[in-house]
């Protein structure tokens, strides 16, 4: 068994055989490391129902001795005891094991059949039921819930407890589905956990707006500041610097109850999945064991966390009230209108009159196409900024000029560019900043000042892994993780907005940038990796890209 773990690859049959040999006839497990890893991770390579069939076939081989069959039964017993949810939520798998048990009885192997007990498997269906968020029906619904009488620490503890209970519902199949599909579609448990995280922010807004006077609203804000200060010393841990090195260090040092920033671990799962192939050979016969071990290490740590509850004497009534409150769903527009009702932009007693048209910002003017009579100074300012960004990103040798090879890379982002010779006015074989600025100034005039240098960025919330158009790094977080251009749909980190050197090309109506692709209905037996979306299979991420994550935690929308 140790030799299998030390190898770089192994067939599924070899891994199954190593797991069988890990048990003796009395059911003693010599080393659980390989057995537990393979039983948890096998859906990455083979459906659980096929795994069960493989064990049954091995027990029916002519060369299978009574001792070997007993070892197989001990392996099945261990599988059921360590991963009971798999058998409760996958009826087809449970039926295969029941048939195996009945077969043993029919063949007179009563003692072996008694090792397999599916009747003791608890039900997980009630535990994994997802409550539906209640749309706002009445704007008069009170959100205080005795809020004024809650101690800051008590409120913080109960919010933590709610998140922990929601986290405990997440099973391997949820992580597996997220990594394989790249989003939370058809993954209600993980989606509910993320929604709970985000609903805390919305609830705070509603609590503030529930107060009719400004002093009362200020008091609510002060109270929530005190709640946040309960965990004020954790602020430095959520920085993404060094690939969340501060968080990882402290998290590994913690003992007892600890609660993960799930987005960091989800990021790690996807990073490993897209960087390493599932199989070590083209024929897809040899399992890539280093990848399996890395994925298992991440998932096993999350599984252990679920077995260590917080030391909180939870008040059931308060938990129920908080749950109801957090489930109240309001759109951002509804919350905005409520805020206007509380504090109108225009004083109530002011004299009526036509409001002047709001003056658009300089960037907004440029993004929606600068008018033909736009100020040439403003246009030149934008062009100089854009050219500087171009040189910063495409002048790879740093000589202050754009060579022919570097120019070809630029044309991939600015398809309307003319030939190299038209920009290289002095024909010295390279383009200077002044030559490029002069070209764009003339092009701006010829194109009636409608060149899309400046994007109209707005904060965006992503529900699936998204990459920055500038640095190619992950854009992670739960809520408003990055920025999306309203016109062309390009995405980037907050820090990359000013450095993005990609033309703003408006999207056509036939292209959807919001709706994720249709996915096949997932099953708890998990499809083999051959069904993995090609967008994930063909993705390779460099280590420096993995570490280029933006603020937030997958802040996981994920």
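Placed from the backbone N, Cα and C atoms, the Cβ positions cover glycine too.
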Stretch carrying region 'Disordered' according to TrEMBL (options 319-338, 339-358, 359-378): 339-358
Contact ranking winner - 3-123, 151-345, 420-446 against the domain 'Phorbol-ester/DAG-type' (454-504), Cβ under 8 Å: 151-345
Per-region confidence, the domain 'EF-hand' (382-417) (mean pLDDT, whole number): 76
